[in-house]
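Engineer: Dropping the structure in here first, questions after.
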C-alpha cells in the first residue's frame, strides 16, 4: 500500500509540470476525452481495460476527472509503473487522448500445493483468490494463505501450519503453499456439568458441534465453540433463565487411541441461575407513536415465562417502527428492573425522538463494468428522500434480481449532519454473458436424415454495462435452420419502461398427415378417432413431408411499479410473421388446414398483453413469497387478410415457503423450500377458422399440449394425443439448495390435463367420443376417471444464468377410479429453468 500511495503521489505531482507539457500549457482542459490507451501491455487484455475505462470517453477533461481515472488505474494493482501523457488526436487540439505507458506486474505462472495429503489440491485451489494467469499480488497471496488455514481448521486440523512464497521464473511467478497438516481432531464425546433444568441430551441438540458417529463426521472446530456457548445461553434465556451462562469448555485430547486422529472430549460447565417471568414494559418519551402501538411490538404476556430472545425481537421491531418512517437518529435505551423476590423481570424503554433522516448520498463501490446509473435507477430511495427501511430492503431485492453481482454488501452510515445518512453499496460483479454451443440430436428415426444439428447462443444481460440485453441464437441442421436476434432496453428514456425488438428467420422440414377421402375429418387410412388415437405411430407411406419458411419481427414494451406489497409489471407486444409451406400440391393434400392454407405466403400477426404481481423474495430462485400473472394473446389482427384467428389466456400462480433455514457453516445453510404452482390456459378459435373446423374438413394447429418437458414431466411419448383447448397444470416441489444460487435438489409431483372444449372430453383418455348424446355423456363420465396425467420424481435444478437446465427422472401414472396406476419405467427429462416474470 505504501508503494501504491507513493507512486500515485508522484504521478499526481508531476501531472502539471511534465506529463502534460504539450503545444500550449493546459491545452487539454475542458477538451473531450476521445480515447484512453495503454502502452506496454503483455498479459492483460486491452479489451478488459477498455471495458473499465469506456465510461470516461466523451467526458470533458478536468483535473478532478483525471485524478479519478489515475486512481482507478492504480486500484487495479496491475502495474508496477505508470507514466501518463496527454496526446491530441486532431491538428486543432480539440480532442485529447489519455495515454498510459505501463509496466505490468508479473503474472502467476502456476500455483503449487506442497505437503497436503488429506485434502486434495483441487479443493485447496478452489479456496484461494489467485488463479493461474492473474497478475501477481503479494497481499492476495497472504490472504490466500489465511483462507487455506481457515479451511483446514474447519476440517478439524487444529495444528496445521501453512507458509507461502513466490518464486520468480521465466514467464512469470510460481506461488507455492507449503502445508504441514498434522492430525485431524474429532469430537468423541460431549458432556455437561451444572445442568439441572435440562438434560444433557437436550442441550447437545442445541450445539452445532456433534459427536463423531456413523453418519456424523464430528470434526472439531475451535471457532465453533463460541457460537455453541452462545447457543446454550440463548436456549436458557428463551426459557426464563436470564443469568444462565457457560463458564467454560474443557478440552481433553486423546492422541493415543487412534493413530490417525486426535479424539477430544468437550465438557461444558453451565451456571443456570433462577427462572424469571415477564413483568411488563414501560415506555417513556414517545410522541410520534402511542404507547399502545409500541407495546404491541413486544409479543410477551405479563406473567409468562421470560423469553429474552422474543423480547429482543420485539425491541428491534419497536426500533424498526421508527426506522421504517425515517427516524434513524432516534435514541432508544432499555433498562432492566428485577424483582428477586417475585422472580419477575420488567423493562423501561426511554425514547428520544429526533427529526426524520434524509438520504444525503448513495455511494457505489466495486463496479468495473456496470454504470452507476444502472444501479441507482433500481434504488427506490433517492438523495433527498426520507429514509425508509422497507424501500431500502426492496431496493436491495431489485439489485439482487438483476443478477449482475456475485456479492452485494449494503451499509448505512451517518452523513455530514445529524439527520442525514449515506447509503453505501459494496458490489462485486459477475459474468452476465451466457454463451452456449454444441451438438444436438435431431431427426432420429427419420429415413435419409442426418441426425445431428449444431447450435450456438450468445446472450449478454448487461450489454456495455448499461443494463440492456442482447442475444443471438443460431441453429444449423439437416431438418431445421434458424437465426434469432433480440435486443431489450430495460429503462427506456430513463423510466422503468422496457422496450425490445426481435427478429427471426426459420426453415424447417416437417411432416403432416395426408388428407383422407372419407370426409369424416380423419387422416387416411383411419376410419375412426379411436383408431387414430390408439395408433402407436403412422406408417411412413401415409405421411407428407413439407418445408416451412418463417420470417418474423416483433416489438414489446413494459412498465413496472414498486408498491410495498409486490412488484407490478404490465407488458405488451406485437409480432408480425410471414410463412410459406412448400410441398407437391398436385399429388398431395395435407390433413391440417393450416398447412394447406399456408402454401401461399401467409401473414400471421399477433398481439399480447400481460400483468403480474410479484411478491417473491428473489425472482430467479425464490425461498418465500408469491406470484400471480395473467397473459392474453390475440392471433390474427386483420379479419379478412389473415386466416388464423384465435385467443389464448394463460393464468399462473406461485407460492413459496421456507420450511427450514439452519446455518451449518459461515457460508452454507441447510435449507428446505416448498414450492406450489397452478396454471390454467384456454385457447379458442373464432371467425372463419372456427366455422371451417366445425365442418370436419381438417384439424387446426397450435393447440395446447402436454409436452412432457415443461408441462406434465415424463409424458412426452403421448404428446400427440395430449392436445386440446383447455390446459390445467399444477405442481408441488420440495427444494433443497445444494449450492445457493447455483444448483438445487428437487423432488416434484406434477399433474396436467388437456380438454377439448368443443367435444367436451379430455384428450389422451381411454374412452371414445360418440355422436349421440347418451354416448357422449357416458364417454365423459368414463373419461373423467383419467383426466390428469401425473408424474413424480427427483431432479437437479440449475439456477445459473449460464446454465438454466433441469435434469429429472419422472415416473408417470394416472388415477382411474381414484386408484393410482403407475408405470414401471422411469423417464429422463431434460428441460429449462423458466422463471415467470
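Each residue, glycine too, has its Cβ placed from N, Cα and C.
Computed from a predicted structure; not experimentally measured.
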Engineer: Among 407-417, 418-428, 451-461, 572-582, indicate the range for which Swiss-Prot gives the feature transmembrane segment.
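Structural biologist: The listed stretch tagged transmembrane segment in Swiss-Prot is 451-461.
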Engineer: Between 725-736, 761-772, 773-784, which stretch does Swiss-Prot give the note transmembrane segment?
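Structural biologist: Based on what Swiss-Prot states, transmembrane segment spans 725-736.
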Engineer: From Swiss-Prot's topology annotation, check whether residue 621 and residue 584 share a side of the membrane.
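Structural biologist: According to Swiss-Prot, residue 621 sits on the opposite side from residue 584.
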Engineer: When Swiss-Prot marks a stretch as transmembrane segment, which of 380-390, 391-401, 479-489, 589-599 is it?
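Structural biologist: Checking Swiss-Prot against the ranges 380-390, 391-401, 479-489, 589-599, the transmembrane segment one is 479-489.
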Engineer: Under 8 Å between C-beta atoms and at least six residues away from its ends: which parts of the chain pack against the topological domain 'Periplasmic' (462-468)?
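Structural biologist: Residues packing against the topological domain 'Periplasmic' (462-468) from afar: 51, 54-55, 369-371, 374, 377, 402, 404, 432, 487-491.
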Engineer: Please report, as numbers and ranges, the same-chain residues at least 6 past the borders of the topological domain 'Periplasmic' (544-554) whose CB is under 8 Å from any CB of it.
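Structural biologist: Counting only partners 6 or more residues beyond its ends, the topological domain 'Periplasmic' (544-554) has Cβ contacts under 8 Å with 501-514, 573-583, 588, 590, 595, 598.
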Engineer: Count, for each of 645-658, 742-756, 825-829, the Cβ pairs lying under 8 Å from the transmembrane segment (803-814), and report the range with the highest count.
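Structural biologist: The stretch with the most contacts is 825-829.
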Engineer: Restricting to the same chain and to residues at least six past its boundaries, which positions have a Cβ under 8 Å from a Cβ of the topological domain 'Periplasmic' (737-741)?
Structural biologist: 621, 668-669, 671, 673, 799-800
Engineer: Quick one: find which recorded stretch in 624-636, 725-736, 742-756, 787-799, 825-829 has the most Cβ pairs under 8 Å with the transmembrane segment (645-658).
Structural biologist: 624-636
Engineer: Over the domain 'POTRA 4' (276-354), what is the model's mean pLDDT?
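Structural biologist: Here the predicted model's pLDDT, averaged over the domain 'POTRA 4' (276-354), is 91.
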